[in-house]
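A short write-up of the structure that comes next.
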Amino acid sequence: MIDPRVLRDDPDRVRAAQAKRGLSDEVVDRALAADGARRAAIAEYEAKRSQQKSMGKQVAQAQGEEKQELLARTKELSAEVKAAEAAQGEAEAAWQEALLSIPNLAAEEAPAGGEDDYVVLEHVGTPRDLQAEGITPRDHVELGRMLGAIDLERGAKVSGSRFYFLTGVGAELEFALVNLANATAREHGFTQVVAPSMVKPRAMEGTGFLGQAADDVYRIEGQDMYLVGTSEVPMAAFHSEEILDGASLPLRYAAFSPCFRKEAGSHGTDTRGIIRVHWFDKVEMFVYTTVEESFAEHQRLLDIEKSFLEKLELAYRVIDTAAGDLGLSAQRKFDCEAWIPTQGRYRELTSTSNCTEFQTRRLDTRGRFGQEIRPVATLNGTLCAIPRTIVAILETHQQADGSVRVPEALRPYLGRDVLEPVTA
RNA sequence: GGAGGCGUCGCCUAGUCCGGUCUAUGGCGCCCGCCUGCUAAGCGGGUUGAGGAGUGAUCCUCCUCUCGCGGGUUCAAAUCCCGCCGCCUCCGCCA
């Protein structure tokens, strides 16, 4: 949720931010009106309650007729207190509802517009031209089958479309990537975490995934729980309802968890292979820091993501996502997209967002800075989403005979220099 | 899954049966002061936390909320009733 004081003091800034995302500012007016009503209702309730309390004390001390008289009057007051309390509750709920529906204020620097209005910040590495090397490119599905690494047929048989088994070197690849990612995270001072991938509604809502993104979230039948689409969710809720020691910041975590996504609304796109699947494992970086520090930290997360892709010897580009394509929580987002040879284009491998105080206000995570207590900032960034990384590695480092050269940095973790086909 | 117990202001704890002066007791710890060659001990004082208002800024004053969480009863709830959550012990089942 955005800072209510910003809304109160500078509503035009919020309106401008809404416009930048291509959204109407109707919610802004609604929230402003609700805020006024809420404050009035609170004042009303507190006054009545205070009156009731002091009368209660008189009742306790009074005797006989005097007591009966007081009781009659205080009974009346009690009804008024109840009414005022109910009115306050409603006003508070209306205000919350309006405020929660306002997305984070996009950064000044974020490009305006929608999905296609991203700005390419840089290209790193040269996309491999397999044709020029005299190699007929095989896609990851074919390579995965030849290497005995990816079993899509059985994935579909057992679990349905968009499921897969990683087998043999495929499974080895997953663990090697996870270990490399964790080692990288440790080098940068991150605390490793294995996070639960089922959460209560509070965590889901607090991270902003039950709004516009709710269609993509799996809910557990018969239980008030959700499967997470990223460990950003449990990690954002990790310190919920806590006041952190300001001196302990930044808190840097690298969390491993399975991720589940319905992929509703993506019917027909990326149906082949393991680019877009209902379940995958991921190592995600998650940081708690101050808002002031968050911008530099965002760059740091991006740098770590870049260095990881470089360790894997992948060609990629970095894009600055446009305001309209930011999630509800994000103030700014950078994606790293790796070159996928058989698709002839860059595909998202990692994504890092600065959510400033948006999530911590919802989840009530604050920091104590001397005398002052205020919300902290959260940031998240993919370190390694397994299936897409496997796609990029297989396709990028394939050789004429269908074998795959293993990037140097991964070799110690995989114990192999090259992945050899098991079938022709 | 079954049975029982517990949840109070950083930690421990009194209070809950029998509702009101609980503005929550005491200890530990912590903070300030005194004493002191230094340290320790001793003595005195302070100390729940959060949100908000008063001319937004270290102070002061006031209000609300806070005894696991949410409801209910009542003029009044730490205290009575209901639901939920968490922890512990035992049993069953299980990776």
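Just so it is clear, glycine is given a Cβ too, placed from its N, Cα and C backbone atoms.
For the L-serine site, TrEMBL gives A:T230, A:S231, A:E232, A:E284; the one candidate out of A:T126, A:T382, A:T389, A:T396 that the record lists there too is A:T382.
Listed ranges A:32-59, A:60-87, A:256-283; the one TrEMBL annotates as coiled coil is A:60-87.
Which of A:1-21, A:127-147, A:400-420 counts as region 'Disordered' depends on TrEMBL, and there it is A:1-21. When Cβ neighbours within 10 Å are tallied across all protein chains shown, the highest count among the binding-site residues A:E232, A:E348 belongs to A:E232. Secondary structure at A:S351 (ATP binding site), as computed by DSSP, is strand. Shown in sequence order, A:V233, A:M235, A:A255, A:S257, A:C259, A:K282, A:M285, A:F286, A:N380 are the same-chain residues outside A:T230, A:S231, A:E232, A:E284, A:T382 whose Cβ sits within 8 Å of the Cβ centre of the L-serine site. Counting residue by residue with DSSP, the compositional bias 'Basic and acidic residues' (A:1-15) contains 11 helix, 0 strand, 4 coil.
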